[in-house]
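Taken verbatim from TrEMBL:
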BINDING   H203, H263, H334, H550  Fe cation binding site
COMPBIAS  1-14  compositional bias 'Polar residues'
REGION    1-20  region 'Disordered'
Amino acid sequence: MSSMEHLNSSTSGWKKNRSQNKDQHFTDVLGLPCIENLVCSADETPEPITTTITGNIPSWIKGNFLRNGPGKFEIGRSSFNHWFDGMALMHQFHIEDGKVTYMSRFLNSDCYKENLEHNRIMVSEFGTIAMPDPCKNFFQRFLSRFELLKQSDNANVSFVQYKGDYYVSTETNFMHKIDPQTLETKEKVDWSKFVAVNGATAHPHVDPDGTTYNMGNSYTLKGAFYNIIMVPSKKVNPNDTLEGATVVCSIPSEDKSKPSYYHSFAMSENYVLFIEQPIKMDLLKIVTSKLRGKGINEGVYWDPKRNTVFHVINKHTGKLSLIKYYAKPLSTFHQINCYEENGFLIMDMCCSDDGQAINNYLIQNLKKSGNALDEVYNTMCRVFPRRFVLPLNMDSQTPCGQNLNTRLNSTATAIKTDKDKVFCTHEDLHGEDLHEYGGLEFPHINYSMCNSRPYRYFYGCGFRHLVGDSLIKMDLQGKQIKVWKHAGMYPSEPIFVSSPGAVEEDDGVILSVVITPNQDKSTFLLVLDAKTFEELGRADVPINIPYGFHGTFQNRD
């Protein structure tokens, strides 16, 4: 059965708008299937196993499709509370000559080893507090609550590259260097040994010359700061990791003790664009979480009374623009692309009008069924792709009160409200048909060809469930979509791999790992033609794999 759909009709049971604000997107979905097996612990497969090929895997694909995500949700009799907490399980799909092998390994992090050694959770994670050792006496257990939280090195979010080496990353100080051929854990790297930050995102951006940019917070007596970090492209010594990293710019938080949470940032050819969104981190609650016996996640909250602020930084000079660009309260985890054109900075990102979803991804919620599962989903605001247009060339003569966005056929606005303030509204990068698929997240583009440049296509997961349940290709010329969807199948973030010598932007394939929670050992690697979005082939893996987060393709040509 062909699964590529071009649907334009509404789906019964959906109410797209529960609010008078047309940009709010809640739903009334009924009868969602249970997906509890997506968050069941798995065993590692440290030796490559063969897969069964259906259809055709193009012979020109040669390399490793690397994936990362949580894979162990219980240690002994103790269980993690939040999806983000599970122990990192790394996956490798080696593709060559039309064949695929699969292997996986748990990240040999310090917290993983310590947890296994004691057969219980010893290191606190985002939503789980490590409880005092039951073998200690009452007084010792009481005193242990006053110990400072130990930062986890459970890097379960993504694979990233610095200076040609592969690392797995999360949002703390720690990354781990990984051998992408064997998935062996090679070296633990601490950001704070190189630059004065207390963590870094798992979504760096890379210039064509290999220079890498990232962001990380620092906390001082003067308050919290957001830091733009630059890592050079080359090693001076063979064993270098982050040597030469520098802070390009430090941006003070608008609220010194309650900085914004951010998962990623945007970057164009000449600028870094940081989105200070009203998902706030109460630092006092976070640092006292162990004392209070509460998860770190309880210190993260949505403050819709605050607007969103876009900070623009020249990445070559480190100069922060004096102009602050504002938008209504929004939440964003992933940006799609950002580029400069005719004096404007165009930023496309996936965002919603409510920022409470992060605390809905408790394990207990993902394991619910029936009306309880529907209720969790329907209380989460849908995420949609949007475009903001920021005018770069402003001065004292620029008039207030009129739309400065003069780009043809653009419905986004940018209105100067004061000498150094611009209020922006977005343009939707989708038609009504995207509502049928629950919006779009986990966006991906042809990064090597199009990042920080004008582009036409992006890919993502439709979210008509708590996790992705379809794959979507968006054509910005006409905002048309193509969709791959099968009932009971949950595809991962789509990764674009370009064909050899490709000239056209969508000449290549899409790779995605498809999980089938209600069928035993029927996971498969899916390969789609990126142009037509038709299935080319799949590689069936005879094991169960939990639903993961992010990945990358290591080309071995």
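The backbone N, Cα and C atoms fix where each Cβ goes, and this holds for glycine too.
Taking the features listed in TrEMBL, we show where each one sits on the structure.
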residue : record                 : Cβ neighbours (10 Å)
H203    : Fe cation binding site : 20
H263    : Fe cation binding site : 18
H334    : Fe cation binding site : 21
H550    : Fe cation binding site : 23
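Close to the recorded Fe cation site, the chain also has V157, S158, T201, A202, S264, F333: residues not among H203, H263, H334, H550 whose Cβ is within 8 Å of the site's Cβ mean position.
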